[in-house]
Amino acid sequence: MAPNQKLVELEAWRKSGISHTYPSYRRQFPISEESWLEGKHRDDAAEGLWRIKDKLYDLSDFARRHPGGAFWIERTKGTDITEPFESHHIEEHAQKMLSKFEVRSAAQPRNYKFTLEEQGFYLTLKRRVRAKLRKLNYRPSYKTDLLHTGILISVIFFSWAGTAFNSLLLRALAGLSLCWLSSSAHNYFHQRDNWRMYSFNLLLLNFNSWRTSHALSHHVYPNSLHDLEMSLFEPFLCWVPSRHYASRKQRVISVLISPFIYTIMSLVQFTERIVYSLAKRNVMYWHDVLGFTLPAFLYVATNVDLSSAIISWLIILGFGSFMFGFIGLTAAHHDPRIYHDGDAPRADRDWGLFQLDTIIDRGDIKWSDFLVLTHFGEHALHHMFPTLDHGVLRQLYPELQQTLSEFKSELREINHWSHIKGQTQQLLRMEANPNPPGSKKFK
């Protein structure tokens with residue numbers, strides 16, 4: 001291949017289908033939540049302020065008064081928050097307050113290609129959801145709280161029993177409970193600050209870190225080059241369908257090593273944050289210590305010595321991390337039939353339709369509130385309305401189906417086994433889909 005042709009090809013794959021520029025953070029190493037935010041500061045043309053559509057706002061003085069907590073405001077300074085603002089504020093109060101903080105119009109057009117038209121899919125659905133919420137029965141959210149509390153008790157009990165009786169089976173049940181605890185705590189860290197979100201840290205992960213990588217990155221830009229949850233796993237796991245990101249050999253190896261990646265995921269993420277804090281600047285929080293309360297409890301509450309308590313905890317943590325990675329990465333997003341950056345995008349760039357293009361829901365768990373909470377169920381609705389309790393989401397399907405029918409779209413569903421198979425196929429996929437979602441040829 002001639003050098004010029006190679007250069008043209010190189011520039012062709014260094015593009016994202018959802019933005020006008022290649023994400024700056026992907027040119028840095030190592031990739032982290034901090035580098036992702038630094039990249040957005042360069043790419044989003046927010047001029048050190050908060051950008052919503054084509055306006056710039058100064059929310060500095062409002063951060064501490066923000067009902068959802070100061071973190072969301074302080075963390076997003078200097079970035080474009082258009083889609084998070086729309087999806088996190090279903091009622092109109094926040095929209096009405098914006099004019100108080102307006103500074104000026106942005107000097108440059110938006111980097112992202114998404115649209116949020118008043119008569120488009122997402123805002124039409126949002127208006128219907130807003131009306132439904134005003135007369136909704138919120139009792140299912142109480143059940144969510146009870147489920148989360150029960151799972152937390154299960155973690156404590158099985159961890160103690162597995163350590164006290166030196167039982168691998170009981171430790172495995174403790175690990176499974178720990179996975180379910182973090183999955184259910186995920187329901188809470190999307191919401192305003194609350195005590196239940198802290199339980200996420202028992203898996204040695206950190207909810208504030210995941211508010212960036214998951215809520216602000218993955219939820220807004222799923223399956224794209226801007227999705228930090230995809231890029232953090234590269235080069236070990238690569239879902240982008242291009243040989244420029246991973247060779248055939250790398251992809252085969254990734255399928256084989258994926259169980260190991262799931263198992264060490266928690267320890268690796270914690271270690272990376274410590275190394276970054278020592279090498280650059282502190283990204284640790286006081287509540288990171290919560291991850292070590294479980295081994296401390298095991299040492300105090302059983303008759304085993306310290307080393308045995310730590311070993312028992314590491315076994316539980318390994319089981320929990322494996323199950324959390326396995327369930328999370330086969331929950332909804334990775335299948336050759338799902339849009340990934342590089343595939344042909346649909347003509348209508350409505351942000352809500354983009355969410356549907358990047359998700360196939362799990363239809364096999366909708367019957368159980370417990371499974372929905374612990375296996376990332378109601379995924380499409382959760383992506384579009386992340387602050388709503390999982391127990392409430394299922395009551396919004398009539399509004400979703402009505403809007404889908406009007407916009408001639410669909411909510412796809414498969415079972416977990418199909419998702420497991422689809423994720424393997426996606427890891428091996430090297431060719432982009434030339435048929436856009438919604439077209440007759442799209443599969």
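Glycine is no exception: its Cβ is also placed from the backbone N, Cα and C atoms.
Quick caveat, the model's predicted, so the values are computed rather than measured.
Features of the protein shown, as given by TrEMBL:
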DOMAIN    40-107  domain 'Cytochrome b5 heme-binding'
TRANSMEM  144-162  transmembrane segment
TRANSMEM  168-189  transmembrane segment
TRANSMEM  252-271  transmembrane segment
TRANSMEM  283-302  transmembrane segment
TRANSMEM  309-329  transmembrane segment
Query raised in the report: Most CB pairs under 8 Å with the transmembrane segment (309-329): which of 144-162, 168-189, 252-271?
Result: 168-189
Report summary line: The mean pLDDT across the domain 'Cytochrome b5 heme-binding' (40-107) is 95
Query raised in the report: Cβ under 8 Å to the transmembrane segment (168-189), counting only same-chain residues 6 or more beyond its ends: which ones?
Result: 144, 147-148, 151-152, 154-155, 158-159, 161-162, 196-200, 202-203, 205, 207, 210-211, 214-215, 312, 315-324, 327-328, 373-376, 389-390
